[in-house]
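Since the structure comes first, as structure tokens, the remarks are kept for the end.
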């Protein structure tokens, strides 16, 4: 299944609504990842030795992913970015299971951020966008390994 224009519109419309609070939403997203899988904290080089009190909202890497779409206004990812993401994920030792953790955290975070917009169609749109991105990153991980 491809990413349809309707799905792209749902993702972009919900992102428009969330981007004004993207830093706070990014913080909630990362905290949700660590709630689901505490060991995931070790995947982030800037968090490895940080203890329990991590000021994620002040760290640019924590919010970088959530703000890229705001800056570009586009859901497409450049090939060079995918290569970098693949290499970074291989270096960090990211396993397939973590992609599901991130997907769950992403969907939970979006649902909480835009409850008035949330619907089965929006969930499906974000799932499709994430699944395509995750598949592309995994493909680049295979090449980088």
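Even glycines carry a Cβ here, placed using N, Cα and C.
Per Swiss-Prot, the stretch carrying the note motif 'Homodimerization' among 70-82, 83-95, 96-108 is 96-108.
Given the ranges 25-29, 30-34, 35-39, 40-44, the record in Swiss-Prot names 35-39 as motif 'Homodimerization'. Counting other CB atoms no more than 10 Å from each candidate's CB, the recorded positions 84, 89, 123 peak at 89. Only residues 6 or more beyond the boundaries of the motif 'Homodimerization' (35-39), in the same chain, are considered here, and those with a CB under 8 A from a CB of the stretch are 98, 101, 104-105.
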